[in-house]
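To start, the structure itself, in structure tokens.
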Amino acid sequence: MSRVTLSRYLIEQTRSNNTPADLRFLIEVVARACKEISHAVSKGALGGVLGSMGTENVQGEVQKKLDVISNEILLEANEWGGHLAGMASEEMDNAYQIPGKYPKGAYLLVFDPLDGSSNIDINAPVGTIFSVLRCPNEYLSQNEALNEKAFLQPGTEQVAAGYAIYGPQTMLVLTLGDGVKGFTLDREMGSFVLTHEDITIPETTQEFAVNMSNQRHWEAPVQRYVSELLAGEDGPLKKNYNMRWVAAMVADVHRILTRGGLFMYPRDSREPSKPGKLRLMYEANPMSFLVEQAGGASTDGHQRILDIQPEGLHQRVAVYLGSKEEVERATAYHKE
């Protein structure tokens with residue numbers, strides 16, 4: 001039986017599910033950019049790509065060389081194809097305008113070019129997260145600059161989302177709104193090949209992922225919930241849990257999509273004006289879309305993340321996502 005490449009899968013989606021051809025082309029271009037990023041990441045010290053740039057992004061985070069390289073790869077790959085009205089990235093303060101010499105399309109691409117880049121220098125997994133939205137008609141123009149308000153749509157408006165994870169294998173995990181598929185990069189073929197047909201998250205779990213060093217800063221409902229997880233079979237939940245933490249959202253969520261679990265990044269008291277650390281538009285929304293499509297759940301502790309109306313490109317949120325039973329339990333504690 002012949003293997004199904006990403007290109008073949010997308011063509012079949014166009015035929016059977018009426019996936020628009022321009023969306024298919026856009027996903028293929030993003031995938032090609034991810035292959036190029038994977039190649040740059042794999043070179044490591046041999047390619048002179050390790051270390052920091054000495055600059056900060058809009059989040060106030062020090063930019064790694066590979067943050068900037070990955071951002072440029074995605075911009076250059078996607079700006080000329082005629083599929084996009086604009087792009088936005090973790091590494092840029094403002095939306096990226098499609099150069100006037102290129103035609104504009106109907107979609108918006110939002111991405112974190114290299115999630116978990118603090119892991120680069122220790123050779124741990126990193127990844128690229130992306131979200132695709134339709135550009136509202138009132139903001140579509142071939143001649144005028146794109147208004148950033150075009151991007152401020154709730155996650156329910158996403159038409160596609162996914163991530164590439166650069167680990168022992170490079171994988172692309174994708175949803176078009178009809179389940180979640182996983183594609184592994186065959187470097188000999190140069191193609192992503194369908195290897196995970198129907199990714200599903202179990203409703204129950206005995207694993208959780210959270211940065212325990214922040215425990216003293218958490219709100220009371222989170223303190224209560226995590227203490228119950230740690231109490232194991234002697235506590236109110238009556239079962240033992242294991243904790244995992246990779247310090248890259250893409251890697252922790254990939255594990256949850258592979259075998260279940262709960263990922264948490266709660267808000268804390270150090271920056272009370274900020275509702276969380278992770279960014280809604282290009283981290284929480286695409287990952288929540290994937291998790292829900294795989295049968296899991298995702299909230300900010302109070303409401304479904306995909307229902308949140310964004311107020312800015314770089315808005316932050318608290319995140320609880322993964323196996324439905326545990327997400328619902330953590331959310332219920334916030335409402336008591």
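Cβ coordinates are placed from backbone N, Cα and C, and glycine is handled just like the others.
It should be emphasised that the depicted structure is a prediction, and the values quoted were computed from it without experimental measurement.
L114 (Mg(2+) 1 binding site) is surrounded by 31 other CB atoms, counting those within 10 A of its CB over all protein chains shown. DSSP assigns L114 (Mg(2+) 1 binding site) to a strand segment in the three-state reduction. Per Swiss-Prot, the feature Mg(2+) 1 binding site maps to E90, D112, L114.
Around the Cβ of D115 (Mg(2+) 2 binding site), a 10 Å sphere holds 29 further Cβ atoms from the protein chains shown. The Mg(2+) 2 binding site feature in Swiss-Prot is assigned to D112, D115, E283; the stated evidence is sequence analysis.
Swiss-Prot lists D115, G116, S117, S118, N211, K277 with the feature substrate binding site.
Following the DSSP three-state reduction, the secondary structure of K277 (substrate binding site) is coil. Same-chain residues with CB within 8 A of the center of the E90, D112, L114 CB atoms, the Mg(2+) 1 site residues themselves not counted, are D67, S70, N71, S89, E91, F111, P113, D115, S117, T128, I129, Y282. Comparing the Cα of K277 (substrate binding site) with the Cα of every entry in E90, D112, L114, D115, E283, these being the binding-site residues, the smallest distance points to E283. Considering only the binding-site residues S118, N211, E283, the residue whose Cα is spatially closest to the Cα of D112 (Mg(2+) 1 binding site) is E283.
A Cβ within 8 Å of the Cβ centre of D112, D115, E283, the residues given for Mg(2+) 2, is found for these other residues of the same chain: E90, F111, G116, G127, T128, I129, Y163, M249, V250, L278, R279, Y282. In this structure, the CA atom of G116 (substrate binding site) is 11 Å away from the CA atom of E283 (Mg(2+) 2 binding site).
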